[in-house]
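Per TrEMBL, the features are:
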type     : residues : note
DISULFID : 167-244  : disulfide bond
DISULFID : 188-227  : disulfide bond
DISULFID : 216-239  : disulfide bond
DISULFID : 257-334  : disulfide bond
DISULFID : 278-317  : disulfide bond
DISULFID : 306-329  : disulfide bond
DISULFID : 357-434  : disulfide bond
DISULFID : 378-417  : disulfide bond
DISULFID : 406-429  : disulfide bond
DOMAIN   : 1-80     : domain 'Apple'
DOMAIN   : 84-163   : domain 'Kringle'
DOMAIN   : 166-244  : domain 'Kringle'
DOMAIN   : 256-334  : domain 'Kringle'
DOMAIN   : 356-434  : domain 'Kringle'
């Protein structure tokens, strides 16, 4: 496997870090090798500059320090240090949880008070025994643990959530796990290969679908993740990925009016534009179909309500008229407050409702503009795709980080947002300063 597959890449950013080492390398792979071989500290990430061919190995990643834009730089962060969940018994857990399941702070692994440890950084240099973070150096079946700071309790287990990356939500459209075999056991073909099967599912054509390595993915709205196989006799096959036990959290109840193509419409209109009543989604009469509610749990296929599960131009339904298979429905638009753009991502572009300008640096701006100065659409603040970041609503509760509206949570020069363009991390927004001449 490519050494860079173990890293998360972010273009055009720099992070401030105290602990770093400079190297001169020819490419990113050589820089990754320096990070793997780093002995001065635990290397969690590296920065590579294309022009100077300069490599900086870093003790911190973007979760631990400040990140800002830098045109020529590329940041690579080790994926293992970004996971805040455990896989299996958590022997490779490298997160930063430092309290036990009872809430007792952990003792530092290098300290001998109040408990003299059997497991120390010196004895187990590859076990990640840093600070007082929960770890599992002995492969305990109950998962990560730590020595506690309570003299009466030598050690305790930590409450680390299970990683759900090997299960899928909905139909696996957002599945980013590493399963790479089909349900019959065939090995998957790499997405960037055209042998043994030629295809059009490339990063260029599907930039936001995480088509990397030979991992199972669902870039085209299939029933569940799939892949092309390495067998000449089988072009493609579904992968056997279980559905996650918990349903994804859905913000709000869905739209009651038509926004964009109406994929988020969850109203109760059940009649077509020509007046035909809709057929219930869970029935196969008078029309047989594949849109079965149990198969598509996140499409809102309730009763016989008009829906848009397949990205049609607007909501539709099968009709109870045996001579008319399906028709579009007439859904009232959202009064001009929202306009969806066909072919864009799920986050709607909102027409500004109140403020079309900002005062000062725009930290008080609460308008609904969600377009950058160059015309790119903003990424939702609570989303980690296509860009992972720390500017989340729970970390900045007073910044009103709603939906994908332009905001200024960190005191920048003006309101900005992360963009839905995978190649552009963030940009200032398409907003003017209010020219009201009032004293700021």
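Each Cβ is built from the backbone N, Cα and C atoms, and glycine gets one as well.
The shortest Cα-Cα distance from residue 306 (disulfide bond) to any of the disulfide-bonded residues (216, 317, 334, 357, 429) is found for 317. A distance of 12 Å separates the Cα atom of residue 257 (disulfide bond) from that of residue 329 (disulfide bond). On its own chain, residue 239 (disulfide bond) has 179, 181, 182, 183, 188, 216, 224, 225, 226, 227 as residues at least 6 apart in sequence with a Cβ closer than 8 Å to its own Cβ. Residue counts for the domain 'Kringle' (166-244) under DSSP, split into helix (H, G, I), strand (E, B) and coil, are 0 helix, 13 strand, 66 coil. Proximity note: of the listed disulfide-bonded residues (244, 317, 329, 334, 357), none has a CA within 10 Å of the CA of residue 406 (disulfide bond). Per-residue pLDDT, averaged across the domain 'Kringle' (256-334), gives 89. For the disulfide-bonded residues given as 306, 317, 357, 417, the lowest number of other CB atoms within 10 Å of the residue's CB is seen at 357. Distance from the CA of residue 417 (disulfide bond) to the CA of residue 429 (disulfide bond) is 7 Å. Cα separation, residue 334 (disulfide bond) to residue 278 (disulfide bond), rounded: 22 Å. Comparing the disulfide-bonded residues 167, 278, 406 on other C-beta atoms within 10 angstroms of each C-beta gives the minimum for 167.
Checking Cα-Cα distances from residue 329 (disulfide bond) against the disulfide-bonded residues (167, 244, 357, 378, 417, 434) with a 10 Å cut-off leaves nothing; none qualify. Helix, strand and coil content of the domain 'Kringle' (256-334), in residues and according to DSSP, is 0 helix, 16 strand, 63 coil.
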